[in-house]
Amino acid sequence: MPKLPPLSLYIHIPWCVQKCPYCDFNSHAQKSDIPEQDYIYHLLQDLQADLQRFKDSIQQRKLHSIFIGGGTPSLFSAESIAYLLKEIKKQIDFEDNIEITLEANPGTVEAERFKGYVSAGIMRISMGIQSFNDDKLQRLGRIHNAAEAKSAVNLAKVSGLKSFNLDLMHGLPNQTLEEALDDLRQAIELSPPHISWYQLTIEPNTMFAYRPPKLPDDDALWDIFEQGHQLLTMAGYQQYETSAYAKAGFQCKHNLNYWRFGDYLAIGCGAHGKLTFPTGEITRFSKTKHPKGYLRGEYLYEEKNVPKIDRPFEFFMNRFRLLEAVPKQEFEDYTGLSQSAVKNQIDFAIQQNYIVENADSWQITEHGKLFLNELLELFLTEE
C-alpha cells in the first residue's frame, strides 16, 4: 500500500492581457472585463466537488502548498485572492508552514497591490520577467519593459513577502552569449531569493511555431548554459532542478512536491491534478480548458487511473529533474511497487553511468543529465 505523499493545490486563472507568441499554456487574452467574482465562485465549487469526489484520498490531509498560476493571476484584485484563500481554508486545512505562491506579470502590479496580496495571505510571488532587454521583451510579446520589471522587483522586496522568484529565459531570438549573461547579471544584482532560468523552446500551436524565429544553435546554447550556470553558482544560487536556482532555504516547496511525485489537487480552467488513494490507486485528472464551459459549471474534463506499469516512468520523469538523490524508499512508498520492478532498468542505467546508487538512494550523474531522455526511456513500457 503506498504511503500518501504531501498534498498541494494548483489554482489556474486563465486570463492575461495578451497572448505571448511562445506561450502554450491555457491562457486567454482579455477581450473585455474579466468575470472575476463569477470565476472565484466556480473555483470554490470546483474544489468542493473534488473534495467530495476524491474524499477517500483527501481524508484528514492538510495542504502543503498552494500555487496560483495562469495566465496572469495578478489581474485579480487582492480582495478576490483574500476571499478565495479564506474560503479554501474553510474547506480544507493548511499545514502550519504552508507556502502560498501567486504568479505576477511586472506590467500588472503596483505597490499597493503587492502589499494587498501579502495581506491576503500570499507569501511568495513568481514574476515573469523573461529578459531585461527591451528589444527581446518586445520580440517575446511581453507588455512590460526592463524598467518596469526592476521596479516590480524592488516593490516585492519591501512588500513583506517571505520570498519571490524571477522567471528568466535564455536562447531567445538572435540572442548572443553576452546578452544572455547580461540578463542574468541584472537579475543577480536585484538579489531575488529564487531564479527560474528556462531555455526558450518552440511549442506546437504557438505563434512562434507558425513563424519560427532564428534561435541560437546548440553550441551557442551550451555556452550560454555553462557560463550562466557558473555566474549563478558564484552568486550563491544553488541549482536544485533542471531550470531552478535558489539561495539556501528558498527552494520552491510547491514545485518540489511536483518533482518528488507528490499529490496535488487542481482547480480552474485546464488545471491538471494527481492523487494517491489508500487502496494503492493513483489518479490523474484535468479540468475543462475553456472559460465558457468552466463558467457553466462543467469542471471535470478527464479522469484516469495510472496503471502500475506506467508508474516507474512517471516517478523517474519527475524525480530525475531534481539534482538531489532519489530515496529508494520513496519509490516504494509513492508508487506502491517494490524496487525489484525496476531492477533491470536500474542496473543498465548504472552500467551506462547515467546514475549511481548506494544502499538508500539513486543519484543522477552529470553524464545522466546530458542523456536524460535516454535514461527515462529505460522506464517506458512497450505498447
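Numbering starts at 1 and runs along the chain as displayed.
Quick reminder: no glycine exception, Cβ is built from N, Cα and C everywhere.
Source: prediction; values computed, not measured.
Site annotation (Swiss-Prot, ligand S-adenosyl-L-methionine 2) includes GLY71, THR72, GLN130, ARG142; from ASP33, ASP38, ASP167, ASP182, the additional listed residue is ASP167.
Of the candidate binding-site residues, TYR10, GLY70, ASP167, the one lying closest to CYS16 ([4Fe-4S] cluster binding site) when CA atoms are compared is GLY70. Contacts of GLN130 (S-adenosyl-L-methionine 2 binding site) defined by a Cβ separation under 8 A and a same-chain sequence distance of 6+ are given as LYS136, LEU137, LEU140, ARG142, ASP167, LEU168, MET169, in order along the sequence.
Along the domain 'Radical SAM core' (1-241), the predicted structure has mean pLDDT 90. Annotation for TYR10 (S-adenosyl-L-methionine 1 binding site): same-chain Cβ neighbours under 8 Å, separated by at least 6 residues, are ILE66, PHE67, GLY69, HIS254, TYR264, LEU265, ALA266, ILE267, GLY268, ALA271, HIS272, GLY273. Neighbours of the S-adenosyl-L-methionine 1 site: apart from TYR10, GLY70, GLU103, residues of the same chain with C-beta atoms within 8 angstroms of the site's C-beta centroid are ILE11, HIS12, ILE13, PHE67, ILE68, GLY69, GLY71, PRO73, LEU102.
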